[in-house]
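One structure below.
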């Protein structure tokens, strides 16, 4: 109900009478009228003229029109007036025309009297009467007890000056031609316009822009000044130059613009005085207006203004809501978002409550971003700010958490409120939400896409321990790249690594696909193998049309349907590919020849140019039994031959069983081993009975039959059930996995689950030790006490004793999680300082330990395993800068720790949320790969290692066929480790300069060898064998160094530099011995045996990298680790008969008799 409206309410006392009641017993009805205002005539007038928004707006609009009409009538009067007629003088019986004026005197009659026709006078009088009546009425209605306050107001005085003289002329006709300064009504029109705009915004219930109001005031003030000056000078010059309105306009413009030609000037002193007064007024009023406008402009630049509704309806835009906007976050979002061609026309509206900092401001001023990105300072919890961002018209809303907050739970709470506010304001806007802690995830279940940082982080770090560099694999898959990084590098590994990094996950409908349409009705493994062989694409999963669940490698028993959505890994999507049929240059009889080399393998030719890939199609038609065979050479002295590879069946037969390839990892899961029974560790498979937070996906895991008492979970303290006080006393068969974290958060649960998943063989389960700064709570212990071989210890990686007690000398992997308390710092990039220094200490003390580190800022990964004078690291730094200048989104990918999977930053996964806008399946696929979700029938990520017995397979294509034909596994990439080799010339120089069996370089960390030689040649040196410390060799090395020093004057500067380097090597060697002695002494002090500590065994002389979906002709190398997507074992029901081990042997036996398709 609007203000001022009257409400009539009828109050009935008593109940309704029943039919038997008399009329006298009926209750009396009383009608009461309630009024929201006083029911007086004055209040009703005030309600109509002032309080009611719409009627008040109409009154002000009418008043504004009257003022404009009065100004228009004045201009008409000026155009019709002739100052020479002197009509006003005649009416007063004065003969103005006969008066003679001496020079310097002023004829005031043309100034006092004007020529005003009767109709014009009637119109002006009518306007004046109406205006005066309205002014008096409004003054009466707004009277508050102070009459002088009403009278002395400037608008009231102007109204009296312009209206009262006209009313006087009604009663005194002789004054009808008296001059009245009606042009001053322009100032009243300005005042009415301001009030009208305020009432307009109040009536439509929208907040007006302060910038708009100030611009309106400035323009109206300037127009009023010019109009007043024009009319005043024109009228005063009636007694001088008799200027027209146009001449007066010309003079005012020239004067106010400070040009001053001087061709038109006032002649009499009144007009000159008016010019002086107007200039003074302009000098006072206009700077004040401009100052206010500039202030509002700067404030608007800070707040960002508005995103117009017209643009929102005609253009597409997304909204990014953040607590604080950092330059790294902004550039990651913009680079990833605009990497997709179909998003080039989208606008990004940033809604942030804080002021834009200087770095962000500079970036948004770049033309590439200034036309696309709009920054609005405001809160997502205010509907006004959401309206400014036009959230209801947005294509999507990204809500990101502030991971650098000290209180991450509070940051999540803010994110949840933002998500709720956006959903309440714009229910149809798709939400993409990033949350930090998993226990808060269920509050935003309604969001279209959710990425929980700690879930992904811990699952990725866990898989890094069993599938090396999983974090790098996932990071490369979720980043957009064209695969052009480092293609001009002389390093072969950089070329391969950079080219394969361009592979991403895409999707297409099978019946619309050139890649997969021909495999309708075939098995999944058949389609995957032949698509890779023919096109070089890796089919990894499917989704049925009537099902939302994605199945990664559903196995050979899955039959492809025409309505299936296929998910594949390739350098680009099929829609951007051009296909050309490769001509057959070989005759049919040549196809019967045996295999002679890798050059005869099918090769997919990829030419990436402008987002389009041209693919040469190979002849992959199915050959008969009499077709080409893979004739492998027989071993010397043996009549047999190595087994060939069986073809991949179009439809799987019943004899196919899932088993591990190339290494017999099969085991009888139903029968525990003797060691397990004696130790009392008999495991069961099932779902964890207790989850630490709501929303965790149930995963089938290895569990204990009975939960472990909490006291037994403490590694370093014995109890009544367990007397062990250090890791070595437990006698674990497998090496440890140590996790160093600040607190036992619920996200740490996701680290344990992938390592205890049911598809991990029991004999390969690694003990897990949680090294926590703070003791865990009971809820967390209740969740982990069902898992086998999971322990915790209160300690810190800062303390060497704690590291030794938790078994760092027996650990396979050390995972260092970024601490929440150090994620925020006064200088942003210093947040990782403590973690980096601690890891560097671990790296120096335990060089053979594989350390996996999480950092807050990806830019800090260059400090991991830092070597100040390593020329190769400096070269990689230059390469990174060069790739960044080229616009690469993966400039940091060539850093050796990242390429090897030893460092990771969760901010790299921000692109996963951004990519979901274009690829809505990316989060689901990533969760399946990491084991966060388990869909029945979907496979899981695992790995296998290439040994010497497996090198007969030779190429990646043959490995693909072997896996698909035997176990149904789908390979998706290779993790390769290469040695750093010395050049031949450098090796000869080394041999000529040293006559002893062991050189000084072999005593030194191979990073110094790399420093000495990589600056002059290619970085490819081999591993030198580690030698034990021996006093005789040490003494010979010193003698050799002294002998070189005596010969120094005879050698060149190059040789002298080598000698200095060798001296430094000896010094550093001594430093390493000191570190080793320190560790051994601490171990003896703690009662630990130093036998397991090997201070000389390190892996600093190798480099590792990932090849995602390499070409089929890629050669396999020793110790390559192949990433596999293995089918779900639970989807296969084993037949009564041969065991899995027998099935594996039978399959291999069949392979020896089958003919290959390669």
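Glycine residues also receive a Cβ, built from the backbone N, Cα and C atoms like all the rest.
All annotation found in TrEMBL is predicted automatically rather than curated by experts.
Taking Cβ pairs closer than 8 Å, the transmembrane segment (61-80) reaches residues 114-117, 120, 123-124, 127-128, 130-131, 134, 162, 182-183, 185-186, 188-189, 192-193, 196, 227, 231, 234-235, 245 in its own chain, all 6 or more past its ends. Per TrEMBL, transmembrane segment is recorded for 61-80 (among others).
Residues annotated as transmembrane segment in TrEMBL: 121-142 (among others).
Tertiary proximity for the transmembrane segment (154-172) is limited to same-chain residues at least six positions away from its ends with a CB under 8 Å from its CB atoms, namely 70, 121, 124-125, 128-129, 131-132, 135, 139, 178, 180-182, 184-185, 187-188, 191. Annotation comment: TrEMBL describes 154-172 (among others) as transmembrane segment.
What TrEMBL records for 215-236 (among others) is transmembrane segment.
Look at TrEMBL and you will find 273-298 (among others) tagged as transmembrane segment. Sequence-distant contacts of the transmembrane segment (273-298) (same chain, six or more residues past either end, CB-CB distance under 8 Å): 210-211, 214-215, 217-218, 221-222, 225, 228-229, 232-233, 236, 255-256, 266.
Taken from TrEMBL, the feature domain 'RCK N-terminal' applies to 315-451 (among others). Summarised by DSSP class, the composition of the domain 'RCK N-terminal' (315-451) is 59 helix, 28 strand, 50 coil.
What TrEMBL records for 734-874 (among others) is domain 'RCK N-terminal'.
Taken from TrEMBL, the feature region 'Disordered' applies to 1001-1034 (among others).
Among the features that TrEMBL reports, region 'Disordered' is placed at 1135-1158 (among others).
Per DSSP, the domain 'RCK N-terminal' (734-874) is made up of 60 helix, 29 strand, 52 coil. Same-chain neighbours of the transmembrane segment (215-236): 71, 74, 78, 111, 179, 181, 183-184, 186-187, 190, 193-194, 197, 243-245, 247-249, 251-253, 256, 266, 268, 270-271, 274-275, 278, 281-282, 285-286, 289-290, 293, counting only residues six or more beyond its ends whose CB sits under 8 Å from a CB of the stretch.
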